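What TrEMBL records for this protein:
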| type | residues | note |
| --- | --- | --- |
| COILED | 414-469 | coiled coil |
| COMPBIAS | 189-199 | compositional bias 'Basic and acidic residues' |
| COMPBIAS | 200-211 | compositional bias 'Polar residues' |
| DOMAIN | 6-139 | domain 'Spindle assembly abnormal protein 6 N-terminal' |
| DOMAIN | 144-173 | domain 'SAS-6 coiled-coil' |
Amino acid sequence: EMTELLFNKRLQVLVKNKDTDERRSVIRISIELQPSSNPVHRKDLVVRLTDDSDFYFLYNLVISEEDFQSLKVQQGLLIDFTSFPQKFIDLLEQCISEQDKENPRFLLQLSSAFDHSPSNLNIVETNAFKHLTHLSLKLLPGSDTDIKKYLATCLSTVKEEKQQLEQKLRKTEEDLTRQLNYAQQTLSEKSRELDKLRSEWTSQTTSLSSRHMQDLTAEREKALEIQARLQQQNEQLRQELESSHHRSTQQLQSKVSELETANRELIDKKYKSDSTIRDLKAKLASLEEECQRSKQQVLSLRRENSTLDTECHEKERLVNQLQTRVAVFEQEIKDKEQLVLRTKEVLEATQQQKNSVEGNVESKQLQISKLEATVRSLSEELIKANGIIKKLQGDLKTLIGKIKVKNTVTVSQEKILQETTEKLQREQRELQDTQQQLRQKEEEVMKLKEQLEATVQKLDESREVLKTNENVITWLNKQLNENQFSRKQETFGMFETPAAASGVTGISAHNSGGPVGLDSKYFERRDDSIPLRGLLPTGAKPTASAASAYFPG
């Protein structure tokens, strides 16, 4: 079986020697699988370190499956021998991706006690906690035989590359030689074609010059006729435009005066409407104040009414209490009268027994006098109670009268308030109608202003049209003069340069199909082509498109 190359790249390595300081160096690392010398194992993994600038720098490591098992146990690897090469390559690729950074995360370290002694190749990952060594391989320096074998391999590789480059160089020389011959042949053919074209161009120039003289003479005559016709038509067109402009100006001025008169009338109406609105607003404010006062009076009358109702209820309650007391007093008087009757009966009986009970007469008389005094006092109290009741009844009637008067005033105030509210609503409706009429008048004023602005704009446009027409007429005259002058220059300079001859060729080719110049139909007046509104800005030069507005077709 052949050797299988798995990896061959240059990497930055941090070299550590005991005698020297740390330094960065670029070393080539190659990884390959080669047939094993042990028949039990199929392949061994070979790791080789070399330096392209130092051919005597050589470190080798051959890892068999048995060596890998001991390496796996020593360094705690979690993969098998078949997966180890690819994982090793992945770690090296990580080092390559990080090597250009200022603080690389993955780093290759090559450490040895001294030069040309066994070295350890470490793949170290730096994190925030520690330097973590993923893999450490001990490589042996190459012996003289290994170095000679390596140099022989390098020499054979260089020779093969030299042979390939020589073959490539020969092939490139043959291709360039072939391309050069083809280019020389093409150049000679093109030179012959150029000579032929020069001779043809000379003959055509001579024939075209003679034809151009004839065409130029005819063109000059037609241009003179066109100039005369154009001047006549321009003068006629200018007069027509001036007359139409004068008429339109007079119409617009009369319309402007009418609009100004209507505008003044509308402004007067607006002022009158504004004064009416101010008066209505003042009336509305006074009515609102009066309405507010009426509402406050109604509220105060309602409060007084509720107070009087309360007082009336209190008086009625007091009257009921007094009536109850009167009834009690009347009942006592009746009891006293019955007692008096019984006393009289007893008196009559005592009179009959007067002779026998004279000793008791005086006491009975005293008792009777006391009872009579009691009856008199009760009668006086009853009379006072009746007077109080009558007075309370009179107060109650007066209070009821006052309440009726207050109710009448409240009803009248509410009626006045309702009338005031209705009047206020009518005033508000009138105010709204007046405001609506005012808005309509303002809209009419705005419309009239817009019409006035449109009329003024049309007047300005008419002035611009007249000015533009004058510019077009001036430009047409200038173009005719320039055309005559340019044709004269072409006549005198047509035999001097090939560029002029080519310009003549274009003119004659155009004229060979028929008569040159503008046909008379292009100068006929058309109604839809007279307005040149917005054709050119003030002071700008007319172009061919501007002229085509006068001469459509």
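Glycine is no exception: its Cβ is also placed from the backbone N, Cα and C atoms.
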- Item | Average pLDDT across the coiled coil (414-469), rounded to a whole number | 83
- Query: Short question: which residues 6 or more past the ends of the domain 'SAS-6 coiled-coil' (144-173) have a Cβ under 8 Å from it?
  - Reply: 50, 55-56, 58, 60
- Note on the structure: Per DSSP, the domain 'Spindle assembly abnormal protein 6 N-terminal' (6-139) contains 26 helix, 68 strand, 40 coil
